[in-house]
Amino acid sequence: MANFGRQVSLRKKGVAGTIRMETMTPNIVLVGFMGAGKTSVGKAIEQLKGYRFVDLDQVIVQICGRSIPEIFSLRGEEAFRQLESAALRSLQGVRRTVLSTGGGIVGRAENWETMHRFGPVVYLEADWAVLQERIGQGEGRPLASAEGGWEKVMALWEKRLPLYLQADLRVDCSQGSPEQVALAVLGKLNEWSGTWWKK
Ligand SMILES: Nc1ncnc2c1ncn2[C@@H]1O[C@H](COP(=O)(O)OP(=O)(O)O)[C@@H](O)[C@H]1O
Ligand SMILES: O=C(O)C1=C[C@@H](OP(=O)(O)O)[C@@H](O)[C@H](O)C1
Ligand SMILES: [Mg+2]
């Protein structure tokens, strides 16, 4: 994990003095299962903090000119995962950005490397009943469509649970509005890493 918010010596690079990592990587990355509220909380953080909001699914849709269900049905999940990793890499260098990812981003080690370079990764967690209610009929989410049955979706959630724990921070997203969850995220980040995110 990168050491955000700490002094970094530049002496080895032939430059006198130190700078703070915060000037290099003030972003926030949201991960969590479908329905956790990553997109909604990302938008709320944009409003509260004036950060730019980027939803990775929307980046993929823009690159492909197709919706997420169309990409899944025309090209399959593996192609979607490749597009997802490429879309994530394409964001390298973004600043003052809150990035909402898709629930399956956590399946590839290379995505974790990229996300950890962007900034602190925050896991929005909720229990199954809350996620199930928010997913609803699964519209727009090919891996959670109602006709596929809930057992498969729940098995996917259980399989992914340990992967989400690679995040730097965990925030309960099951109570309160997206704005309240966003405030909880910002509060935890403040406790966690001091001042960098206030910029
Ligand atoms: N804190 C919350 N409280 C109640 N409903 C929420 C909350 N966060 C998200 N939702 C609702 O749950 C659904 C999924 O939210 P979304 O932001 O798309 O989740 P994700 O991007 O994690 O899949 C949406 O209908 C949204 O309005
Ligand atoms: O969990 C997943 O594998 C997916 C989650 C979706 O995003 P949300 O988590 O925002 O619904 C979207 O990326 C795609 O349908 C696949
Ligand atoms: Mg989303």
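Quick reminder: no glycine exception, Cβ is built from N, Cα and C everywhere.
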ATP site partner of Gly35, Ala36, Gly37, Lys38, Thr39, Ser40 (as recorded in TrEMBL), chosen from Arg117, Arg141: Arg141
Annotated companion of Asp57, Arg81, Arg160 at the substrate site, TrEMBL, chosen from Gly42, Gly103, Gly138, Gly176: Gly103
Of Thr39, Asp57, Arg81, Arg141, binding-site residues neighbouring ligand 1, Cβ under 6 A: Thr39
Gly103 (substrate binding site) versus Gly37 (ATP binding site) - Cα distance in angstrom: 10
Sequence-ordered binding-site residues from Ala36, Ser40, Asp57, Arg141, Arg160 with Cβ under 6 Å of an atom of ligand 2: Asp57, Arg141
Neighbours of Gly35, Ala36, Gly37, Lys38, Thr39, Ser40, Arg141 excl. site residues, C-beta within 8 Å of centre, ATP: Gly32, Met34, Val41, Ser100, Gly103, Leu124, Arg134
Close-lying binding-site residues around ligand 3 among Gly35, Lys38, Arg160, where CB distance stays under 6 Å: Lys38
